[in-house]
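Trainee: Let me give you the structure first, and then I'll get to my questions.
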Amino acid sequence: MEKMRVHGAAASVGWEGISGNFKGKKGARGRGGECRWKKKERDALPGRKLNQTLVRISAQLLLCANFVPLLTNGQMVDDIPPEQLALVPSFMGGRGKRIHPLPYADPNLPVQPRSMDPSKDLAAYGYGSVAWKERMESWKQKQESLHQMRNDGSGKDWNGDNDDADLPLMDEARQPLSRKIPISSSQINPYRMVIIIRLVVLGFFFHYRVMHPVHDAFALWLISVICEIWFAMSWILDQFPKWFPIERETYLDRLSLRFDKEGQPSQLAPIDFFVSTVDPLKEPPLVTANTVLSILAVDYPVDKISCYVSDDGAAMLTFEGLSETSEFAKKWVPFCKNYCIEPRAPEWYFQQKIDYLKDKVVPNFVRERRAMKREYEEFKVRINALVAKAQKVPDEGWTMQDGTPWPGNNVRDHPGMIQVFLGQSGGHDVDGHELPRLVYVSREKRPGYNHHKKAGAMNALVRVSAVLTNAPYMLNLDCDHYINNSKAIKEAMCFMMDPLVGKKVCYVQFPQRFDGIDRHDRYANRNVVFFDINMKGLDGIQGPIYVGTGCVFRRQALYGYDAPKTKKPPSRTCNCWPKWCFCCCCFGDRKTKKKTAEPKTEKKTRLFFKKAENQSPAYALSDIEEGAPGVETEKAGIVNQQKLEKKFGQSSVFVASTLLENGGTLKIASPASLLKEAIHVISCGYEDKTDWGKEIGWIYGSVTEDILTGFKMHCHGWRSIYCIPKRPAFKGSAPLNLSDRLHQVLRWALGSVEIFFSNHCPLWYGYGGGLKCLERFSYINSIVYPFTSIPLLAYCTLPAICLLTGKFITPELTNVASLWFMSLFICIFTTGILEMRWSGVAIDDWWRNEQFWVIGGVSAHLFALFQGLLKVIAGVDTSFTVTSKGGDDEEFSELYTFKWTTLLIAPTTLLLLNFIGVVAGISNAINNGYESWGPLFGKLFFAFWVIVHLYPFLKGLVGRQNRTPTIVIVWSILLASIFSLLWVRVDPFLAKNDGPVLEECGLDCN
């Protein structure tokens, strides 16, 4: 071996004089070396022994390496062991973990050598091939041009602000913007083992239950076995999507280094915010104003933000409230940004019981805070005055300041309205800085049209924002969910703008967190188990489901496009093998490709017209991009203006915006013409005979449009991300009292029933698309859980029946049967404990979730199931109204407010039945002696299991001072009494005898 030189990523190798087998190419210093066999010896070697010979020569090279010093980065290095002889260095210095090697040489940076395996072919490392030489020649030319551009100052930013792959990879600016943090194996592996053990135990348990019926109480036994099988299936659907839980971490400093450098124009992507409201009397304007103010003050470039407020009730109160909000924002926004306060919703900021001077060093902060608090109190007075004025509607309707009637006086029949409050001109704060755009939108409504409630309103906002701003990303919030973390949008952009994973992300979902909930969270309002266990599990599969608010969307994903396909890297071949060997290896693949090949245009045409209901999307984004490089370019083959207008609606401006993947509006259009077009896209008939609500936007067909919308995107091959910042991103309000909470759960369950009977049911929709199996399990579980209410109601009734009749659902247990019963209970508790361990959920939150699963199952889920069946089968649309009975003025007074609803009857009846059963069972045991106490314990345990789970319901039912409505007590006692007396009278589980029972006495009467 004569010389070896490594420079950056390029290596040159020359060999001379080793057994006469290699001849180095002289003068190849700094270039890719060429490996050449002497012709005579090459011809003498059989093809099958070629690789073995190369391995032997490689070993000879390594044996000789200890005599030759190694040249690395142009300097002699003679203290490296021969087994670490390196040809290509991999940069491991700097801060953080490196995943990319530096493409240029720097003698000051440490180099970690990479060892060569003597058993491998040299060609596996890329040395000695003509392809390697050509690649290195191309690489050197690019590097020389880049260095020349850098020296001349005419190149792009050296720190890698753009996505040019030829730019050098710097220390932080080219790092990933986020990373996955898997759950520790010491926590997740025992959890998975217990799940497998639980499955095995379930098998033996059901084998015993089925093979040992109770003949004297066969109906009770059969009902219990059917219920237990259904519970097991529900557990499987809920459990296995939690098999791969992960957590994520974002790097906001890297995002700023790459896209938001100080002193340079920000390259962060624009984002449109959507806030939806309907009735200002039920959704107070002050709450909506706080949400809007938190958006306008978010830590993001102001020219990248636009806030759209949808008023689906066309209320003048909402309009005037937004007008007041825009004026107050001119003072509030600079105050937030000057002093970096959190949260940036004034109502919640001034309510904080913390030291607001912590980390504040500006001397005039206290004075400014007091002045701002006084300004906010005056703002609240003005808003409250508007609310008080709106309580009584004039006979002639509302009139605006210029004397013209308010267009929305008739809520069900009014034109579309758009008002730009901030942005364009006049949108500056008191410091003279520009403010984000604030737009009021009320879509047109006419009698005879189906407006599709919230889903229709959100689709109207999608079209309006596409015409006016067309940001590539959108975030939707309920009017009572404010931004609690001003950097939440940047957290989402760490995923959306990440060049490694961002292209396939359809949305980033944040967990819902709530204010104003009592410390014990009696009715599981926080949903901690769902947001901190189930959603983390889904994030390890294909991503969390969409929960309706606090979600950042990719606009192109909402348009029904397929997710971009991951391109496989080209396979690398070695030119050292004989040509006949290469042809034999590749002949089969070539033959297969010829059979499956088809014209490109023909393939695209078939993909575009794929409209079957049980198939995934209508067309792919990559196809449109290939056929439509520009808005005004004539579309080739499948994509033309007429087909796009048929799909997206009759608006050339909106259709043009759908082809812009990175957003942006038409430069040639004037603001007036854009506003006119925006009014057109929110008209009633715009969606007629289009794919809106079917393949595009928020999907119609259920009151829980969020589940359907996320499900469709996952079927298109997209994935979603679950982001949990250290400081909660968004916070909202939740119903505190029992009646409101049950009514909320009723609405969710009704939506799931509607999806179950629709064409988009996950049981049969989307096969052959991009939906993963475990992700489908999760969606199936989200729509079938209301059906669990029937077996749950039956199972909670069984203890009372057993206590009243003296029968039980199992025969007398043997030692083996007791083992399976005990093993099942141990597995259930162990699964819960390990689940709490890896997720960090507290035991009280886990237990509250278990309790409310039973409470909601026997009340709201049951009524939702019957309501959905009536709606789907008979076309009867029923509703359950909730009327308030009053409350106190102290903290958490709403928790004790009782509101009458029919949802309360079923669980109250269950409680009374089990109480009566416990009393009857104990009385019977006292009368019959000590022998009857043994069988009684199993029945009492069963009954107490029901009562303990329904205890929060009982506590909410009683409330304070026993103010339970008489109607609830009367109906519940009546139903329980009738049922108990009827059961004792009929007693269907005892064998019926037609005559007296004759027994042999043992005496001979003859």
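Just so it is clear, glycine is given a Cβ too, placed from its N, Cα and C backbone atoms.
Predicted automatically and left uncurated, TrEMBL annotations should be read as such.
Grabbed the feature section from TrEMBL, which reads as follows:
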type: ACT_SITE; residues: Asp312; note: active site
type: ACT_SITE; residues: Asp706; note: active site
type: BINDING; residues: Ser276, Lys282, Glu283, Asp312, Lys453; note: UDP-alpha-D-glucose binding site
type: BINDING; residues: Lys454, Asp478; note: Mn(2+) binding site
type: COMPBIAS; residues: 143-159; note: compositional bias 'Basic and acidic residues'
type: REGION; residues: 143-165; note: region 'Disordered'
type: TRANSMEM; residues: 188-206; note: transmembrane segment
type: TRANSMEM; residues: 218-237; note: transmembrane segment
type: TRANSMEM; residues: 783-804; note: transmembrane segment
type: TRANSMEM; residues: 816-834; note: transmembrane segment
type: TRANSMEM; residues: 854-874; note: transmembrane segment
type: TRANSMEM; residues: 895-916; note: transmembrane segment
type: TRANSMEM; residues: 936-954; note: transmembrane segment
type: TRANSMEM; residues: 966-986; note: transmembrane segment
Trainee: Same-chain Cβ contacts of the transmembrane segment (854-874) under 8 Å, 6 or more residues past its ends?
Mentor: 523, 742-743, 745-747, 749-750, 752-754, 756-757, 785-790, 792-793, 796, 880, 902-904, 906-907, 910, 946, 949-950, 952-953
Trainee: Just the number: how many Å between the Cα atoms of Ser276 (UDP-alpha-D-glucose binding site) and Asp478 (Mn(2+) binding site)?
Mentor: 6
Trainee: Establish whether the number of Cβ pairs under 8 Å between the transmembrane segment (816-834) and the transmembrane segment (218-237) reaches at least three, counting only pairs separated by 6 or more residues.
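Mentor: Contact between the transmembrane segment (218-237) and the transmembrane segment (816-834): absent, because fewer than 3 Cβ pairs are under 8 Å.
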Trainee: Would you mind pulling the longest C-alpha to C-alpha span across Ser276, Lys282, Glu283, Asp312, Lys453, which the record has binding UDP-alpha-D-glucose, in angstrom?
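Mentor: About 16 Å separates the two most distant Cα atoms.
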Trainee: Given the recorded positions Asp312, Asp478, Asp706, find the one whose Cα is closest in space to the Cα of Lys453 (UDP-alpha-D-glucose binding site).
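Mentor: Out of the listed candidates, the nearest Cα belongs to Asp312.
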Trainee: Using C-alpha positions only, work out which of the binding-site residues Lys282, Glu283, Lys454 is nearest to Asp706 (active site).
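Mentor: For Asp706 (active site), the spatially nearest of the binding-site residues is Lys454.
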Trainee: How long is the line from the C-alpha of Asp312 (active site) to the C-alpha of Asp478 (Mn(2+) binding site), rounded to the nearest angstrom?
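Mentor: Asp312 (active site) and Asp478 (Mn(2+) binding site) have their Cα atoms 13 Å apart.
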Trainee: Given the binding-site residues Lys453, Lys454, which one is most crowded in terms of C-beta atoms within 10 angstroms?
Mentor: Lys454
Trainee: Within the chain of Asp478 (Mn(2+) binding site), which residues six or more apart in sequence place their C-beta under 8 angstroms from its C-beta?
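Mentor: Listed in sequence order, they are Val275, Ser276, Thr291, Gly548, Thr549, Gly732.
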Trainee: Given the UDP-alpha-D-glucose site residues Ser276, Lys282, Glu283, Asp312, Lys453, which other residues of that chain have a Cβ within 8 Å of the mean position of their Cβ atoms, reported in sequence order?
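Mentor: Filtered neighbour residues, in order: Thr277, Val278, Asp279, Gly313, Lys454, Ala457, Cys479.
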Trainee: Measuring Cα to Cα, how many angstrom lie between Lys454 (Mn(2+) binding site) and Glu283 (UDP-alpha-D-glucose binding site)?
Mentor: 14
